[in-house]
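Here is what TrEMBL says about this protein:
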type	residues	note
DOMAIN	1-266	domain 'NADH:quinone oxidoreductase/Mrp antiporter transmembrane'
TRANSMEM	21-43	transmembrane segment
TRANSMEM	63-85	transmembrane segment
TRANSMEM	92-113	transmembrane segment
TRANSMEM	125-144	transmembrane segment
TRANSMEM	156-176	transmembrane segment
TRANSMEM	182-204	transmembrane segment
TRANSMEM	224-241	transmembrane segment
TRANSMEM	261-282	transmembrane segment
TRANSMEM	303-325	transmembrane segment
(Lines of atoms letter the chains of each structure in order from A; the text may use other names.)
(Lines give C-alpha, C1' and ligand atoms only; values in the text may rest on other atoms or scores of the structure.)
Protein backbone atom coordinates (compact mmCIF):
# COMPACT_ATOMS: atom_id res chain seq x y z
CA UNK A 1 0.00 0.00 0.00
CA UNK A 2 2.93 2.32 0.75
CA UNK A 3 4.24 1.78 -2.79
CA UNK A 4 0.80 2.14 -4.38
CA UNK A 5 0.38 5.56 -2.77
CA UNK A 6 3.99 6.72 -3.09
CA UNK A 7 4.67 5.62 -6.68
CA UNK A 8 1.28 5.53 -8.39
CA UNK A 9 -0.41 8.26 -6.38
CA UNK A 10 -2.34 10.96 -8.18
CA UNK A 11 -1.00 14.28 -6.89
CA UNK A 12 2.06 16.12 -5.60
CA UNK A 13 1.50 15.25 -1.92
CA UNK A 14 1.60 11.50 -2.54
CA UNK A 15 5.00 11.06 -0.84
CA UNK A 16 3.75 12.84 2.28
CA UNK A 17 0.60 10.71 2.31
CA UNK A 18 2.59 7.50 1.79
CA UNK A 19 4.92 8.20 4.71
CA UNK A 20 2.02 9.28 6.89
CA UNK A 21 0.24 6.00 6.14
CA UNK A 22 3.44 4.05 6.79
CA UNK A 23 4.25 5.72 10.11
CA UNK A 24 0.72 5.46 11.51
CA UNK A 25 0.54 1.80 10.53
CA UNK A 26 4.04 1.07 11.84
CA UNK A 27 3.51 2.72 15.22
CA UNK A 28 0.14 1.05 15.63
CA UNK A 29 1.54 -2.36 14.71
CA UNK A 30 4.33 -2.01 17.28
CA UNK A 31 1.77 -2.12 20.10
CA UNK A 32 0.22 -5.26 18.62
CA UNK A 33 3.66 -6.87 18.29
CA UNK A 34 4.44 -6.12 21.93
CA UNK A 35 1.08 -7.58 22.98
CA UNK A 36 1.74 -10.76 20.97
CA UNK A 37 5.19 -11.12 22.57
CA UNK A 38 3.68 -10.72 26.05
CA UNK A 39 1.08 -13.38 25.20
CA UNK A 40 3.81 -15.77 24.05
CA UNK A 41 5.85 -15.34 27.23
CA UNK A 42 2.70 -15.58 29.36
CA UNK A 43 1.05 -18.60 27.71
CA UNK A 44 3.98 -20.20 25.89
CA UNK A 45 2.17 -20.35 22.55
CA UNK A 46 0.64 -18.15 19.87
CA UNK A 47 -1.70 -20.87 18.60
CA UNK A 48 -5.20 -19.43 18.46
CA UNK A 49 -6.86 -22.61 19.76
CA UNK A 50 -4.56 -22.58 22.79
CA UNK A 51 -5.10 -18.88 23.44
CA UNK A 52 -8.88 -19.23 23.25
CA UNK A 53 -8.86 -21.48 26.34
CA UNK A 54 -5.80 -19.99 28.09
CA UNK A 55 -6.23 -18.66 31.62
CA UNK A 56 -4.92 -15.10 31.45
CA UNK A 57 -5.38 -12.92 34.52
CA UNK A 58 -7.84 -10.05 34.24
CA UNK A 59 -5.16 -7.41 34.84
CA UNK A 60 -2.91 -8.90 32.17
CA UNK A 61 -5.89 -9.13 29.81
CA UNK A 62 -6.53 -5.41 30.15
CA UNK A 63 -2.91 -4.54 29.38
CA UNK A 64 -2.88 -6.81 26.33
CA UNK A 65 -6.26 -5.47 25.21
CA UNK A 66 -4.95 -1.91 25.22
CA UNK A 67 -2.00 -2.99 23.06
CA UNK A 68 -4.32 -4.53 20.47
CA UNK A 69 -6.74 -1.61 20.73
CA UNK A 70 -4.11 1.00 19.88
CA UNK A 71 -3.16 -1.00 16.81
CA UNK A 72 -6.68 -1.60 15.52
CA UNK A 73 -7.89 1.92 16.39
CA UNK A 74 -5.40 3.25 13.83
CA UNK A 75 -6.76 0.90 11.18
CA UNK A 76 -10.50 1.57 11.75
CA UNK A 77 -9.64 4.52 12.08
CA UNK A 78 -10.98 6.07 15.29
CA UNK A 79 -10.62 9.68 16.35
CA UNK A 80 -7.86 10.90 16.91
CA UNK A 81 -5.97 8.27 14.86
CA UNK A 82 -7.76 9.07 11.59
CA UNK A 83 -5.51 11.73 10.04
CA UNK A 84 -3.78 9.32 7.66
CA UNK A 85 -6.94 8.01 5.96
CA UNK A 86 -8.27 11.11 4.12
CA UNK A 87 -4.75 11.96 2.94
CA UNK A 88 -4.14 8.40 1.76
CA UNK A 89 -7.45 8.26 -0.11
CA UNK A 90 -6.96 11.63 -1.81
CA UNK A 91 -3.42 10.87 -2.97
CA UNK A 92 -3.88 7.18 -3.81
CA UNK A 93 -4.75 5.90 -7.26
CA UNK A 94 -8.11 4.22 -7.86
CA UNK A 95 -6.62 0.81 -7.06
CA UNK A 96 -5.20 2.17 -3.80
CA UNK A 97 -8.54 3.67 -2.74
CA UNK A 98 -10.37 0.42 -3.52
CA UNK A 99 -7.88 -1.64 -1.50
CA UNK A 100 -8.03 0.83 1.39
CA UNK A 101 -11.82 1.00 1.54
CA UNK A 102 -12.59 -2.58 0.58
CA UNK A 103 -9.92 -4.53 2.45
CA UNK A 104 -7.55 -2.67 4.78
CA UNK A 105 -10.18 -0.93 6.92
CA UNK A 106 -11.93 -4.27 7.45
CA UNK A 107 -8.77 -5.75 8.96
CA UNK A 108 -9.40 -3.65 12.07
CA UNK A 109 -12.85 -5.16 12.52
CA UNK A 110 -11.43 -8.64 11.98
CA UNK A 111 -8.68 -7.93 14.52
CA UNK A 112 -11.12 -6.73 17.16
CA UNK A 113 -13.29 -9.78 16.59
CA UNK A 114 -10.54 -12.40 16.58
CA UNK A 115 -8.11 -10.97 19.14
CA UNK A 116 -9.73 -8.41 21.44
CA UNK A 117 -13.11 -10.16 21.75
CA UNK A 118 -12.06 -13.74 20.98
CA UNK A 119 -8.95 -14.03 23.18
CA UNK A 120 -9.53 -11.28 25.76
CA UNK A 121 -13.30 -11.37 26.46
CA UNK A 122 -13.18 -10.09 30.06
CA UNK A 123 -11.09 -7.07 29.10
CA UNK A 124 -13.40 -6.40 26.14
CA UNK A 125 -16.40 -6.22 28.47
CA UNK A 126 -14.47 -3.92 30.82
CA UNK A 127 -13.44 -1.52 28.04
CA UNK A 128 -16.76 -1.55 26.14
CA UNK A 129 -17.81 1.90 27.53
CA UNK A 130 -14.48 3.32 26.28
CA UNK A 131 -14.99 1.85 22.80
CA UNK A 132 -18.58 3.08 22.63
CA UNK A 133 -17.61 6.59 23.72
CA UNK A 134 -14.77 6.91 21.20
CA UNK A 135 -16.86 5.33 18.44
CA UNK A 136 -19.76 7.76 18.98
CA UNK A 137 -17.37 10.72 19.04
CA UNK A 138 -15.79 9.45 15.82
CA UNK A 139 -19.18 8.97 14.13
CA UNK A 140 -20.43 12.46 14.96
CA UNK A 141 -17.10 14.19 14.31
CA UNK A 142 -16.54 12.51 10.94
CA UNK A 143 -20.12 13.21 9.84
CA UNK A 144 -19.86 16.93 10.59
CA UNK A 145 -16.41 17.04 8.99
CA UNK A 146 -17.81 15.41 5.84
CA UNK A 147 -20.32 18.25 5.51
CA UNK A 148 -17.44 20.74 5.28
CA UNK A 149 -15.36 18.98 2.62
CA UNK A 150 -14.99 20.24 -0.96
CA UNK A 151 -12.95 17.32 -2.36
CA UNK A 152 -15.10 14.42 -3.59
CA UNK A 153 -12.62 11.79 -2.41
CA UNK A 154 -12.36 13.34 1.04
CA UNK A 155 -16.14 13.29 1.37
CA UNK A 156 -16.19 9.53 0.77
CA UNK A 157 -13.11 9.01 2.98
CA UNK A 158 -14.63 10.78 5.99
CA UNK A 159 -17.92 8.96 5.49
CA UNK A 160 -15.91 5.72 5.69
CA UNK A 161 -14.62 6.77 9.11
CA UNK A 162 -18.19 7.13 10.35
CA UNK A 163 -19.41 3.83 8.91
CA UNK A 164 -16.47 1.83 10.24
CA UNK A 165 -17.00 3.23 13.72
CA UNK A 166 -20.65 2.18 13.54
CA UNK A 167 -19.40 -1.40 13.09
CA UNK A 168 -17.57 -1.12 16.43
CA UNK A 169 -20.87 -0.49 18.21
CA UNK A 170 -22.09 -3.85 16.98
CA UNK A 171 -18.85 -5.75 17.52
CA UNK A 172 -18.73 -4.76 21.21
CA UNK A 173 -22.47 -5.11 21.81
CA UNK A 174 -21.97 -8.68 23.10
CA UNK A 175 -25.04 -9.75 21.10
CA UNK A 176 -25.33 -12.07 18.11
CA UNK A 177 -27.51 -9.57 16.29
CA UNK A 178 -25.03 -6.73 16.76
CA UNK A 179 -21.97 -8.70 15.68
CA UNK A 180 -23.70 -10.17 12.63
CA UNK A 181 -24.91 -6.68 11.71
CA UNK A 182 -21.37 -5.35 11.95
CA UNK A 183 -20.07 -8.09 9.67
CA UNK A 184 -22.81 -7.37 7.12
CA UNK A 185 -22.07 -3.65 7.34
CA UNK A 186 -18.37 -4.26 6.73
CA UNK A 187 -19.19 -6.36 3.68
CA UNK A 188 -21.63 -3.72 2.43
CA UNK A 189 -19.15 -0.92 2.98
CA UNK A 190 -16.56 -2.93 1.09
CA UNK A 191 -18.92 -2.86 -1.90
CA UNK A 192 -20.41 0.64 -1.77
CA UNK A 193 -17.35 2.69 -0.83
CA UNK A 194 -15.13 1.35 -3.67
CA UNK A 195 -18.05 1.90 -6.07
CA UNK A 196 -18.29 5.54 -5.00
CA UNK A 197 -14.55 5.96 -5.51
CA UNK A 198 -14.91 4.50 -9.00
CA UNK A 199 -17.67 7.03 -9.74
CA UNK A 200 -15.44 9.88 -8.56
CA UNK A 201 -12.47 8.66 -10.61
CA UNK A 202 -14.73 8.46 -13.70
CA UNK A 203 -15.30 12.21 -13.27
CA UNK A 204 -11.62 12.86 -12.56
CA UNK A 205 -10.54 11.02 -15.72
CA UNK A 206 -12.70 13.36 -17.79
CA UNK A 207 -12.32 16.70 -16.03
CA UNK A 208 -9.11 16.32 -13.96
CA UNK A 209 -10.54 17.85 -10.81
CA UNK A 210 -12.23 16.51 -7.70
CA UNK A 211 -13.36 19.88 -6.34
CA UNK A 212 -17.08 19.88 -5.76
CA UNK A 213 -17.64 23.46 -6.90
CA UNK A 214 -16.89 22.59 -10.53
CA UNK A 215 -19.62 19.95 -10.81
CA UNK A 216 -23.29 20.69 -11.43
CA UNK A 217 -26.02 19.38 -13.69
CA UNK A 218 -24.26 16.14 -14.60
CA UNK A 219 -27.59 14.42 -15.32
CA UNK A 220 -27.79 16.50 -18.50
CA UNK A 221 -24.82 14.86 -20.21
CA UNK A 222 -23.96 11.87 -17.95
CA UNK A 223 -27.34 10.24 -17.22
CA UNK A 224 -26.06 6.67 -16.76
CA UNK A 225 -23.32 7.85 -14.38
CA UNK A 226 -25.93 9.87 -12.48
CA UNK A 227 -28.16 6.81 -12.04
CA UNK A 228 -25.24 4.67 -10.82
CA UNK A 229 -24.04 7.38 -8.45
CA UNK A 230 -27.61 7.81 -7.20
CA UNK A 231 -28.01 4.15 -6.25
CA UNK A 232 -24.61 3.92 -4.57
CA UNK A 233 -25.33 7.14 -2.66
CA UNK A 234 -28.58 5.56 -1.45
CA UNK A 235 -26.56 2.55 -0.35
CA UNK A 236 -24.03 4.72 1.45
CA UNK A 237 -26.76 6.44 3.48
CA UNK A 238 -28.31 3.03 4.35
CA UNK A 239 -31.58 3.35 2.45
CA UNK A 240 -33.94 0.34 2.88
CA UNK A 241 -33.37 -2.52 0.41
CA UNK A 242 -29.63 -1.81 0.38
CA UNK A 243 -27.01 -3.96 2.12
CA UNK A 244 -25.94 -1.04 4.33
CA UNK A 245 -29.47 -0.74 5.72
CA UNK A 246 -29.48 -4.37 6.88
CA UNK A 247 -26.06 -3.97 8.48
CA UNK A 248 -26.78 -0.67 10.24
CA UNK A 249 -30.24 -1.75 11.42
CA UNK A 250 -28.91 -4.96 12.99
CA UNK A 251 -25.87 -3.16 14.40
CA UNK A 252 -27.91 -0.47 16.15
CA UNK A 253 -30.48 -3.02 17.33
CA UNK A 254 -27.72 -5.03 19.02
CA UNK A 255 -25.86 -1.98 20.32
CA UNK A 256 -29.04 -0.58 21.89
CA UNK A 257 -29.18 -3.61 24.17
CA UNK A 258 -25.65 -2.81 25.37
CA UNK A 259 -25.83 0.98 25.82
CA UNK A 260 -29.07 2.74 24.79
CA UNK A 261 -27.86 6.31 25.39
CA UNK A 262 -24.64 6.12 23.36
CA UNK A 263 -26.39 4.11 20.65
CA UNK A 264 -28.99 6.86 20.21
CA UNK A 265 -26.19 9.43 19.99
CA UNK A 266 -24.42 7.23 17.45
CA UNK A 267 -27.66 7.11 15.49
CA UNK A 268 -27.17 10.81 14.75
CA UNK A 269 -24.51 9.61 12.34
CA UNK A 270 -27.22 7.99 10.21
CA UNK A 271 -29.14 11.28 10.04
CA UNK A 272 -26.02 13.26 9.18
CA UNK A 273 -25.03 10.60 6.65
CA UNK A 274 -28.35 11.10 4.87
CA UNK A 275 -27.74 14.85 5.01
CA UNK A 276 -24.34 14.89 3.34
CA UNK A 277 -25.29 12.08 0.92
CA UNK A 278 -28.36 13.90 -0.40
CA UNK A 279 -26.47 17.20 -0.46
CA UNK A 280 -23.58 15.66 -2.43
CA UNK A 281 -25.83 14.08 -5.04
CA UNK A 282 -28.02 17.16 -5.40
CA UNK A 283 -24.93 19.36 -5.79
CA UNK A 284 -23.32 17.24 -8.52
CA UNK A 285 -26.25 15.82 -10.47
CA UNK A 286 -28.89 18.56 -10.53
CA UNK A 287 -29.03 22.24 -11.35
CA UNK A 288 -27.87 24.14 -14.40
CA UNK A 289 -24.90 22.76 -16.28
CA UNK A 290 -21.61 23.98 -14.85
CA UNK A 291 -19.92 26.65 -16.93
CA UNK A 292 -16.54 25.18 -16.02
CA UNK A 293 -17.13 21.83 -17.74
CA UNK A 294 -17.35 20.84 -21.38
CA UNK A 295 -19.53 17.71 -21.84
CA UNK A 296 -17.21 14.78 -22.56
CA UNK A 297 -19.65 11.89 -22.70
CA UNK A 298 -21.19 9.39 -20.32
CA UNK A 299 -19.54 6.31 -18.83
CA UNK A 300 -18.31 3.74 -21.33
CA UNK A 301 -19.04 0.02 -21.43
CA UNK A 302 -15.95 -0.92 -19.39
CA UNK A 303 -16.88 1.47 -16.59
CA UNK A 304 -20.51 0.36 -16.67
CA UNK A 305 -19.58 -3.33 -16.43
CA UNK A 306 -17.27 -2.52 -13.51
CA UNK A 307 -20.04 -0.84 -11.53
CA UNK A 308 -22.92 -3.17 -12.44
CA UNK A 309 -21.79 -6.24 -10.40
CA UNK A 310 -21.27 -4.04 -7.34
CA UNK A 311 -24.75 -2.57 -7.75
CA UNK A 312 -26.36 -6.00 -8.11
CA UNK A 313 -24.46 -7.38 -5.11
CA UNK A 314 -25.47 -4.40 -2.97
CA UNK A 315 -29.16 -5.06 -3.61
CA UNK A 316 -28.83 -8.86 -3.34
CA UNK A 317 -27.34 -8.41 0.15
CA UNK A 318 -30.12 -5.99 1.04
CA UNK A 319 -32.97 -8.16 -0.26
CA UNK A 320 -31.64 -11.58 0.76
CA UNK A 321 -29.39 -11.03 3.80
CA UNK A 322 -29.85 -14.59 5.07
CA UNK A 323 -27.60 -15.80 2.27
CA UNK A 324 -24.77 -14.12 4.16
CA UNK A 325 -26.10 -14.31 7.72
CA UNK A 326 -26.64 -18.07 7.93
CA UNK A 327 -23.01 -19.10 7.22
CA UNK A 328 -21.70 -16.77 9.94
CA UNK A 329 -24.36 -17.50 12.59
CA UNK A 330 -22.67 -20.56 14.12
CA UNK A 331 -19.25 -18.89 14.34
CA UNK A 332 -20.71 -15.77 15.96
CA UNK A 333 -22.73 -17.87 18.41
CA UNK A 334 -19.62 -19.83 19.44
CA UNK A 335 -17.75 -16.57 19.97
CA UNK A 336 -20.22 -15.46 22.64
CA UNK A 337 -20.43 -18.76 24.52
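Glycine is treated like the rest: Cβ placed from N, Cα and C.
At the 8 Å Cβ threshold, with sequence separation of at least 6, the transmembrane segment (63-85) lacks contact with the transmembrane segment (182-204), having fewer than 3 such pairs.
Here the transmembrane segment (261-282) has long-range neighbours at 132-133, 135-136, 139-140, 142-144, 146-147, 152, 155, 159, 162-163, 165-166, 169, 212, 229-230, 233-234, 236-238, 248, 252, 255, meaning same-chain residues at least 6 beyond its ends whose C-beta is under 8 angstroms from one of its own. Sequence-distant contacts of the transmembrane segment (92-113) (same chain, at least 6 residues past either end, Cβ-Cβ under 8 Å): 1, 4-5, 8-10, 14, 17, 32, 68, 71-77, 85, 153, 156, 160, 164, 167-168, 171-172, 179, 182-183, 186, 189-191, 193-194, 197-198, 201, 335. Scored on C-beta pairs under 8 angstroms, the neighbour of the transmembrane segment (182-204) with the top count among 125-144, 156-176, 224-241 is 156-176.
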